[in-house]
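Here is what TrEMBL records for this protein:
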- 27-48: transmembrane segment (TRANSMEM)
- 41-290: domain 'G-protein coupled receptors family 1 profile' (DOMAIN)
- 60-78: transmembrane segment (TRANSMEM)
- 98-120: transmembrane segment (TRANSMEM)
- 166-185: transmembrane segment (TRANSMEM)
- 205-225: transmembrane segment (TRANSMEM)
- 237-261: transmembrane segment (TRANSMEM)
- 273-292: transmembrane segment (TRANSMEM)
Amino acid sequence: MPGSNCTQATEFSLAGFTEDPATQVTLFLLFLLIYLVTILGNLGMITLIRASALLHSPMYYFLGNLAFVNLCTSTIIPPRMLAGVLLGKKGITYAGCMAQIFTFGLFVAAECFLLAAMAYDRYVAICHPLLYPLVMSPERCSRLLTGSYLLGLTNGMGQAIGMSSLFFCSSSAIDLFFCDISMLISLSSSDTTLSLVILRTSSSLIGVPSLLVVLVSYGAIISTIPSISSAEGKRKALSTCASHLTTVSTFYGALIFMYLIPRSDTSRGGDKWAAVLYTVVTPMLNPWIYSLRNQEVKEAWRRLRNNKMSLDV
């Protein structure tokens, strides 16, 4: 029960990165550059996949939606963070905090399942190439995509409902640059049992199965690649898998560091930079990882550029 001298919070205070003005300007310029590159990179990837017939396959269907999810994720936290760094605005309303929890929970969960779907797609393509057109039919891909968004929506709603029952004192301050649900639960002055159950259940039902699909798929892929007779086939398989594994490692690595590694209160300073990695940096890296490492994406860019040059002439 909340104390008698505690009034319900209508606003939370978000911690900044530093109080030094020069460092704040540097961080603002850095985060602004990352934000602009994120927007341009993901929009460019979506446009390329839609425009190039070379990329009209299940793998790039999922990649285009991953770029869309990253684009949405990048509009939830970075703009508010940029305003906080530049203007020193550390306050966020209760409603704004709830909106962040819902939307971020939705797109993070959707990304987990999209990464799992992409791993499954690579498993079928490499381990069962003859069955690939049948297994990864347009209908199956649509169901996998729809399921990813519906599970993300369920996660976002569950986290928002769990948070709505909590009571916060008006002096509540969050030691991060966004409304992180685990930190909000620890700040609440009311019974957090239901919220903790929802958080742990959703984390288990979303993180564990999706990560298992990735691990099992790549375990099968690694055992299959040596048996591919063609050197070009091996190179292509390793190229597409390396891009996806880089994305998965960055995304899950930051989440594991943030939420699963126990640490004392005095050692939580790294949480801010781990949070920066998966909320700001990872959405920026994904399109460039696939652009730089994937030969089909490079070829699609080349053809699109050549077509534009020929039209200009």
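Note that the numbers count up from 1, one per residue, in the order the chain is shown.
Cβ atoms are placed via backbone N, Cα and C, with glycine included.
Most Cβ pairs within less than 8 Å of the transmembrane segment (60-78), among stretches 98-120, 205-225, 237-261, 273-292, belong to 98-120. Residues 59, 66, 111, 115, 118-119, 122, 126, 182, 203, 207, 211, 214, 218, 221, 225, 228, 270-271, 274-275, 277-278, 281-282, 285-286, 289-290, 293-295 of the same chain lie 6 or more positions beyond the ends of the transmembrane segment (237-261) yet place their CB under 8 Å from a CB of it.
Sequence-distant contacts of the transmembrane segment (98-120), counting only residues of its own chain at least 6 positions beyond either end whose CB sits under 8 Å from a CB of the stretch, comprise 59, 62-63, 65-66, 69-70, 72-73, 76-77, 80, 92, 144-145, 147-149, 151-160, 163-164, 178-179, 181, 184, 202, 206-207, 209-211, 213-214, 217-218, 244, 247-248, 251, 279. Per-residue confidence over the domain 'G-protein coupled receptors family 1 profile' (41-290) averages 84 (mean pLDDT, predicted model).
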